[in-house]
Amino acid sequence: MRDRLLAAEKVKAIDWRDGVLYLLDQRSLPFEENWIACTRVADVAEAIGSMVVRGAPVIGISAAYGVVLAARARMAEGGDWQAALEADFALLTEARPTAANLFWALDRMRDRLGRLKEQAEPLAVLEAEAIAIHESDREANLTMAQLGVDLIRKHQGNAQAILTHCNTGALATGGFGTALGVVRGAYIEGMVERVYADETRPWLQGSRLTAWELACEGIPVTLNVDSAAAHIMKTKGVTWVIVGADCIAANGDVANKIGTYQLAVCAMHHGVRFMVVAPSSIIDMSLASGDDIPMEERDKRELLEIGGKGLGADVDAFNPVFDVTPADLIDVIVTEKGIIERPDTAKLAQLMCRKRLH
Ligand code: MRU
């Protein structure tokens, strides 16, 4: 399956070439494919905050390259460049609040910086670390795809239909995707007849990105409004809901795109299995439960306007970007270190002590 996944690779969101970070502008997809060149750390922070690049894993990878750009600029300024770099770490940290990979990647870059040997060339070391973060995410995607497919096979042979939410594919990661990597793998193995993609209001990651990615690979996809999900579970033979995560707390509560929680409630009601697919870098053991996860809220104009035009009454609006699915609604969390069925604090702690499976 690994080779067939690699062969099917068509879309990517991020490229590091000759010391420049190129990001595919996801705001204009699928109508236009514009690449934005980031040469300064401020470009990267702006790209993350304004959703040029989105999806927790690729946000973390972008931030790691952002640190390389920042270090290059600070070294050129002279003086105590490592002290000056702290302001750049802060800028990147503030770019988005929920995506745990962002903080994980920045911690890893800072840690690497702290272990620099006397004679080492700092820029080369930081660049190698960012590339390693990028590469390991790609590898993790492949491992998770295999584990997720094995689970689907174990539980019912064929998944006639899968429902997914937001975009968790190549655009959201350094490789093939988390949840969408499992979907891709299951399709390659002949185990999926149809994928239902929630459109994912208000940014439409489902209709603009997931449907586009799947269509590019010829995977049968049907788009639906978010509020059709329960009806689809009841009437369309859905056997799995498969989603990604932005942050997983120590007890297995999962923060993901707004609407995920209600999918989990509906899945339990309909006897549909619920799978969360995310690299272990999403798990933050310092957060005891979902209540401790910082949750992003965006501008209410995202709900009140479309293309700058008001949609109706000038009222207040509430625009939470993520919600928390309690661990007890989750059948399984798939990571590159292994799977956890019926997650809880003890099982997550055990998983975090393990090495990666590849
Ligand atoms: O606001 P977004 O588009 O960054 O939200 C993305 C999600 O919620 C994804 O499900 C999550 O980051 C996992 S991506 C592999």
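Cβ from N, Cα, C; glycine included.
Remember, TrEMBL labels are computer predictions, not curated facts.
It should be emphasised that the depicted structure is a prediction, and the values quoted were computed from it without experimental measurement.
Residues annotated as substrate binding site in TrEMBL: Arg54, Gly55, Ala56, Arg96, Gln205, Asn256, Lys257. Long-range Cβ proximity for Ala56 (substrate binding site), meaning a same-chain Cβ under 8 A and a gap of 6 or more residues, is found for Thr98, Ala99, Ala100, Asn101, Leu102, Ala172, Gly244, Ala245, Asp246, Cys247, Ala278, Ile282.
In the three-state DSSP classification, Cys166 (site 'Transition state stabilizer') falls within coil. For Cys166 (site 'Transition state stabilizer'), applying a Cβ distance below 8 Å and a minimum sequence separation of six or more within one chain yields Asp198, Thr200, Gln205, Gly206, Thr210, Val243, Gly244, Asn256, Lys257, Gly259, Thr260. The site 'Transition state stabilizer' annotation in TrEMBL covers Cys166.
The number of other Cβ atoms within 10 Å of the Cβ belonging to Asp246 (active site, proton donor), over all protein chains shown, comes to 28. Classification of Asp246 (active site, proton donor) by DSSP places it in coil, neither helical nor stranded. Taken from TrEMBL, the feature active site, proton donor applies to Asp246.
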### Summary
Expected list for ligand 1 (Cβ under 6 angstroms, recorded positions Arg54, Arg96, Cys166, Gln205) reads Arg54, Cys166, Gln205
### Summary
Surrounding the recorded substrate site, with Cβ no more than 8 Å from the Cβ centroid of Arg54, Gly55, Ala56, Arg96, Gln205, Asn256, Lys257 and those residues left out, we find Ile59, Ala99, Cys166, Asn167, Ala172, Gly244, Asp246, Val321, Phe322
#### Entry: CB contacts for Gly55 (substrate binding site) [other CB atoms within 10 A, all chains]
30
### Query
In DSSP terms, helix, strand or coil for Asn256 (substrate binding site)?
strand
### Query
Which of these binding-site residues has the least crowded Cβ, counting other Cβ atoms within 10 Å: Arg54, Arg96, Lys257?
Arg96
### Summary
In three-state DSSP terms, Arg96 (substrate binding site) is classed as coil
